[in-house]
Amino acid sequence: MDYLCPQSLKCVTRKRAIVYDNKLVVFKLSAHSLCLNLLSFSPFCAPSLSPAAMDATDEERPLLPLQSQDVGSEYTRDGSVDINKEPALKHSTGNWRACFLILGVEFCENMTYFVISRNLVTFLTTVLHESKVDAARNVSAWVGACFLTPVVGAFLADTYWGRYWTIVVFLPVYITVSTNAAHKYGLHYQLPSADSEYGMLIVTVSASLPMFSTSSEHGNVHRSVVYLGLYLAALGSGAMKPCTSSFGADQFDSTDLEELPKKASFFSWSFYMTTVSTLLSSTVLVWLQDNVGWGVGCAIPTVFMIISFPVFIAGSRVYRFRNLGFSPLKSLCQVIVAAVRKCHLQLPENKSLLYEPSNSSSTTEASHKIQPTNQFRFLDKAAIVLPPSDETCNKPMSSWSLCTVTQVEELKILLRMFPTWASFVIFFAVNGQMSSTFIEQGMAMDNHVGSFAIPPASLTIIAVLSVLVLVPVYEIISVPLVKHFTGQDKGFSHAQRIGIGLSLSMIMMVYAALLEMKRLAIVQSSGLADHNVAAPMSILWQTPAYFLQGVSEIFSCIGMSQFFYDQAPDSMKSVCAALGQLAIASGAYFNTFVLGAVAVITTSSGAPGWIPDNLNEGHLDYFFWMMATLSLLNLAMFVYSSTRHRENTAS
């Protein structure tokens, strides 16, 4: 063991760990001596003490591992820093004290988004006088854009601004939109009419230009202004969605066994708060807009957004931040280019010969290095070190010609994520039936319970309520119980949790198909096949399907957020979180494609098709069976891919 001579120690602070000559020194003070343990050899100080003196000093003080020092428990060990770029203290930063503020911002963002989306069709048809078909298509395009733009926000967060500053920049976009809407609509409480522009739409520029409200000759300009405001709101929503969840997860130290289960719980409560905001927007706020006034419906999310911004900023000192590295997109491109350039080379059998700098500026940087794996070996060629030639021996190697093993493995991680991502595309396409074919099925059933008529679309609240009830049950009761059997601190592993959700989604479609077969049988026996009337079968039979849909989301959606964060490379947390949002958008577009293909194929010979206007003449059950089969194949693909998936390990 090598020691630092006391004469060479210029300054001693009260901390138990200092840096001397760029080396970490752990020391212990006693009443008789000062004993220092230098973790790596220092040739400048070795001659200062004789071997006998060193042995005597060694006997005076027991050597303790670095991990057992108080430094390890005082500071986080995952590389996170505070607002001042200093190592984050565990007792004063992060954890739930910071997550409460982040969850508040996420709650307000989702509530504002759903206030816009729930009544957007009403605004487009009554104010802009669009046809129902055009309005439905434009709403679908806007919703898809809201789940595509997270890729932009994630790229900015991981490359330039960080998650915190991305939220700070784009949160005022929502505030500006909401404030202008509330200012305009707050003075008008009448319902929208053909001559009135005081709808619920929260659009920044249209609210700022009232001249277009009364002049019909500016109709086209006003329409352009409205859509400009809509897509600015979509950009603000998309930029924040991947950052809030990832920034919240950043508040927990992944290397701390006490904080690790809390991070898993954060994703559950994040989904819970999103569901609560959805429920409030779809019920209370929509009712206020329709029955009290659009200004009230806009003012409530406006107040919440205005309050959330300074509160979020005020919590800056308790947040934990991650240092930005290089551009993740650039790094991925470098690996591909370097591998293609060296495609003619032979890979070495010894993986240790691949390029990975051993000297790192910090132990945190070293801990983020990833060991080489055997999958996608072609990409390993990007890390082959070429022997220097006379022309290149004095020139630094270009990063487009030589990449580190960690860079290569980061690209491999994304490739291994693709099957899981594709599984979620199918999952969201299947769950998309809840807002389309499930409602159409309910419209063809008896919706009366006594003298009360249940709107078919209102049954979606069952899925929402199941989430609100079962998430706390899962976190408080199920996780402690299940972890005794699985050995997982989080209860279920990522694969188990997602697999359960996919299975429940498949069972939901099987139930819907059986229910439709029963409905058609009743229609045939009642002689109503040629009549476009509701079957004498209660709409409450749909309740189990909506309940299964809610439970499947508890497992799959929460598992998805946790999977994409935990498995993501350290430099791509936000980008991978955006993949979940991209899966939602892709699932919606895939569902649209499937419905269109079914309509064309099943009506090609003049038949009414599987989903005609009169469902009593069609076979909606065939469509449900097709989606159930697709879900089964999707589950099988996920099980196969998850068994081959290898989690990234840090050295």
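Cβ coordinates are placed from backbone N, Cα and C, and glycine is handled just like the others.
Bear in mind that TrEMBL entries carry predicted annotations, made automatically and left uncurated.
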Range annotated as transmembrane segment - as stated in TrEMBL, picked from 269-288, 409-428: 269-288
For the transmembrane segment (139-157): best-contacting stretch of 269-288, 452-477, 498-515, 577-602, by Cβ pairs under 8 Å: 577-602
Counting only residues 6+ away from its ends, which parts of the chain sit with a Cβ under 8 Å from the transmembrane segment (498-515)? 420, 423, 427, 430-431, 433, 438, 441, 492, 541-542, 544-545, 548-549, 551-557, 559-560, 563, 621, 624-625, 627-628, 631-632, 634-635, 638-639, 642
Under 8 Å Cβ-Cβ from the transmembrane segment (452-477), and at least six residues away from its ends along the same chain, one finds 265, 268-269, 271-272, 275-276, 278-279, 282-283, 434-435, 438-439, 442-443, 445, 491, 539-540, 542-543, 546-547, 549-551, 553-554, 558
Can you tell me which parts of the same chain pack against the transmembrane segment (577-602), counting only residues 6+ beyond its ends and a CB-CB cutoff under 8 A? 140, 143-144, 146-148, 150-151, 153-154, 238, 241-243, 245-246, 417, 421, 424-429, 431-433, 436, 560-561, 564-565, 568, 609-611, 623, 626-627
